[in-house]
Number of protein chains: 2
Amino acid sequence: MFTGLSAFPVTPLSDAGVDSGGLSRIVERLVGAGVESIGALGSTGSYPYLSTAERAQAARAAISAAGDVPVIIGVGALTLSDVIRNVDAAQSAGASGLLVSVMTYQPLTDEEVVAFFEDVAARSSVPICVYDNPGTTHVAFTDSMHERIAALPQVRSIKLPGAPVPAFTDRLGALRKAVPDDVTLGVSGDAFAGDALLGGADVWYSVIGGTLPEPAVALTLAAQRGDRAEVDAIATQLAPLWELCARYGSYRVVAHLAVLLGLTDTVAVRRPVRPLAEAAVAELRALLPRIAATVAVDRRTHAP
Amino acid sequence: MFTGLSAFPVTPLSDAGVDSGGLSRIVERLVGAGVESIGALGSTGSYPYLSTAERAQAARAAISAAGDVPVIIGVGALTLSDVIRNVDAAQSAGASGLLVSVMTYQPLTDEEVVAFFEDVAARSSVPICVYDNPGTTHVAFTDSMHERIAALPQVRSIKLPGAPVPAFTDRLGALRKAVPDDVTLGVSGDAFAGDALLGGADVWYSVIGGTLPEPAVALTLAAQRGDRAEVDAIATQLAPLWELCARYGSYRVVAHLAVLLGLTDTVAVRRPVRPLAEAAVAELRALLPRIAATVAVDRRTHAP
């Protein structure tokens, strides 16, 4: 489950709350594209902005729609008690795995972070992926912290922040020595994915894979067979999209992309986060023909 | 209300939730010490770690116990909809003012931050203090953002992060020119309070003032009459406590201090935040005679 392409869909939202039907359709599309797993309620899926009840609802919808494809549910929250509620709800809904972030308000000590994962693991009956994302959680995981956390039997993967080669591959090498063999190491930050996969990352925890699964699957398969030319060709096609993500935040960009592609009715962000200004949306809209070409190229190359 | 000493108490917590009786007793003690206002449900009061219902309960208890002393209620949350719920509950409970932080998970644009304050102000019928605390919210307020937010008629104070002189007084000077005359400028970060008040800050939003109100009141009064010698004498007595706060986090340190002083039964922090290790508690315990001396000095000097 924690290998290959793990695709993170948006959670469609309406004024009434989570749009379960919309989420089901998006998840079915990911299954059809051949993703290895689905990461529901990741950062892309608005997890910190949804209530415990909304998150339970979204987990049920995603898992029900995914069929045999494993679904990893994001359970992070500011308090351990809310995380435990999310763990229980995800497991009741049939989650195959949990994505565990440690959200912060007060800065946490390394000991508090490790103890948090111990507490969550003790409650988990399914495998855990550790969510290392300092850009949103402001927790700086050291290799030593990862070593201690990955020693917990429930922990089976680490979702690392993207970075250019060789910084990323250096870290990968250090962590390989520090964590058990059955703990996979993954990359997030789509722009870094190709090089990271070619450099030995086991899994791509992908934002765009949740909205544009075809090129993400194609890039992952190309990297797995060591085809750097094909990886670079797909990455070059997607680079302008990743530039918009870097400039405006991938959370906002993919929420708009989902609307432009007809996958959701409304831009799935919650205040204080706002939809993008029209000028930025126009930049994104201008990329659609290029994105369609990427999908078409992929279909031509990889059609069964 | 947004002048002088604004004292921020801990919110006593038990396994059952907020200890309203305990909070009432702490607030009554602050009233007796002559604080100018009480900041309930600040960072010191665990606001990000409490449910909406717990926060409404704590607001009612604090306001009821404060009598004629104005109570400012912290209403920040990760979503605007939760903030609005907290605003409504605080106003229903009789809050004299609101302390508004913009919590973040996804990094926010300057425009989103300003729009957030516009949305909150539109819902507020009582004065607002803007909570500028990049160490916990990761929002970097520029002077230009403060200018735009302080132009909202509900905004009447800004709680600024502490910094040494002249960095703090330079910022104070720049903001004085940028914000309306009826918007007061306050300092947080207790170790910086004396110099900041002597340098022109209107109000000290004080962590230790919520647990050790006597020396905090004395320091504030000394600064208001320009008595630098007395300010320095009190600050020197308290410096070892502030050093512990810098080392271990004031949230954890005052939660323990409240227990050591017999104000609360349990250490009022919630997981993933943990109580301090015994060695750190021993360091704090060793300061108690010195703290008692500070209070005694103050009583001798300022007894009516």
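We number each residue from 1, going along the chain as drawn.
Heads up, the Cβ atoms here are built off N, Cα and C, so glycines get one too.
Whatever TrEMBL says is automated annotation, not expert-curated.
According to TrEMBL, the features are:
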{"type": "ACT_SITE", "residues": "B:TYR131", "note": "active site, proton donor/acceptor"}
{"type": "ACT_SITE", "residues": "B:LYS159", "note": "active site, schiff-base intermediate with substrate"}
{"type": "BINDING", "residues": "B:THR44", "note": "pyruvate binding site"}
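For B:THR44 (pyruvate binding site), the Cβ neighbour count at a 10 Å cut-off comes to 28, with all displayed protein chains included.
Secondary structure from DSSP puts B:THR44 (pyruvate binding site) in coil. Ranking the active-site residues B:TYR131, B:LYS159 by C-beta neighbours within 10 Å puts B:TYR131 at the top. For B:LYS159 (active site, schiff-base intermediate with substrate) paired with B:TYR131 (active site, proton donor/acceptor), the C-alpha to C-alpha distance reads 5 Å.
B:THR44 (pyruvate binding site) and the residue listed as 'active site, proton donor/acceptor' have their C-alpha atoms 13 Å apart, to the nearest angstrom.
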